[in-house]
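Copied over from TrEMBL, here are the features:
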- 154-173: transmembrane segment (TRANSMEM)
- 179-197: transmembrane segment (TRANSMEM)
- 218-241: transmembrane segment (TRANSMEM)
- 261-278: transmembrane segment (TRANSMEM)
- 290-313: transmembrane segment (TRANSMEM)
- 345-364: transmembrane segment (TRANSMEM)
Amino acid sequence: MSSLVVCIDRGAVIADAAGETPVVGERAVRSLVTEVGLDDPEDSRVNCLLEGLRITRERRDEGEEPVLAVVSAPDESVDSDRAIAQQIDDLLADHPVESAVVVTDNAADERLVHVIESRVRVDGVSRVVVRQARDLESTYYLLKQFLADEQLRATVLVPIGLFLLAVPILVAVQNVTAALAAVASVAGLFLLYKGLGVDDALAVLASGVRDGLYTGRVSVVTSVVAAGLALVGIVAGVISATPLAAEASVLTTAMAFLFDSVPWLAIAALTASIGRALDEWLRNTQIGNAALNLPFVVIAVAFVVRGFAAYFLERAGVIDPLTVPPMALGIVSIRGFEIAGDIRLVAFVVVGVCISLLGVGVAARLGEWLTVEEPAESP
């Protein structure tokens with residue numbers, strides 16, 4: 001009876017050490033244990049591989065013909081799970097077995113057991129748990145390891161330190177309620193910061209900015225310009241809405257903010273989208289339809305939002321109706337007249353829709369024109 005003893009690992013350690021996965025055979029796995037163990041003797045993956053070797057020996061002693069293999073992927077993404085599934089398929093194609101035993105070192109890797117079960121009968125799952133001494137020396141060693149881990153220090157010790165610093169300062173003002181509220185607010189903000197992945201997003205943003213500076217991306221400059229224009233728009237909107245805050249309704253105040261800030265915000269978004277389109281063209285020799293259509297969408301949305309804001313402000317008496325001054329064109333003279341708020345709103349909406357449709361057509365045609373055909377490779 002032949003069986004498969006498979007060790008599962010999702011992480012870059014074994015994948016980097018092995019070079020190519022799956023690793024098949026006891027001799028290859030013993031060599032892998034030595035290499036991984038020398039790099040990090042405390043890694044639980046070493047114990048996982050040793051458990052696989054032990055189970056293989058036991059099955060051989062029982063008269064079976066076990067095949068030991070190690071499958072690995074660089075991370076815990078869906079693509080990595082599919083890569084492990086492909087490795088299992090390759091193993092079953094090369095080594096027809098009747099059953100399998102899965103060896104893991106954590107609960108996360110056990111989620112892949114169903115992938116193996118869909119391909120071969122699984123007789124058992126062995127999770128390796130490393131025994132730790134529970135004496136004072138072991139506790140001291142673990143605490144020392146904890147303090148040496150930079151990520152754990154930043155995650156655990158920094159909030160505790162801020163909490164301990166905040167308590168005496170807030171208690172000094174002799175207001176325990178305010179102290180507890182402030183501490184709870186800080187703790188809540190930190191939990192949201194970690195729970196929503198803000199730190200990861202900031203790290204990705206910083207990495208993107210750094211890579212953009214090194215590679216000379218146009219979008220870095222246009223993004224800085226767009227941020228400045230957006231700040232100008234926000235300030236302009238606040239200046240316009242502040243005098244109305246005490247007298248007008250909340251809706252009117254918000255419309256006043258949008259009326260003056262939308263043009264600046266639209267120019268900022270337009271600048272950023274143009275920089276992104278230029279980056280795509282310089283990097284990929286072509287621009288996607290979405291990147292080409294984005295500037296038109298920005299302008300269309302700006303027209304519609306400003307039209308609605310102007311309509312509400314005119315109805316509230318904050319701004320005057322749009323007036324066309326008298327003019328003369330040769331023998332033709334036109335008297336000055338006012339455009340009603342309803343007509344102006346409809347005009348802004350129609351212009352926005354037309355610009356959006358124009359963007360779809362321009363993106364389709366210009367995208368084909370800007371595509372650079374790659375030269376055919378010589379035979």
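Cβ atoms here come from the backbone N, Cα and C positions, even for glycine.
Automatic prediction, not curation, is the source of TrEMBL annotations.
Stretch with the largest number of CB pairs closer than 8 A to the transmembrane segment (290-313), among 179-197, 218-241, 261-278, 345-364: 345-364.
Residues 217-223, 225-230, 232-234, 236-237, 240, 287, 291-292, 294-295, 298-299, 301-302, 305-306, 309 of the same chain sit 6 or more residues outside the transmembrane segment (261-278) yet have a Cβ under 8 Å from a Cβ within it. Listed as Cβ neighbours of the transmembrane segment (218-241) (distance under 8 Å, sequence separation of 6 or more from its ends, same chain) are residues 209, 212, 253-254, 256-265, 267-269, 271-272, 274-276, 278-279, 282.
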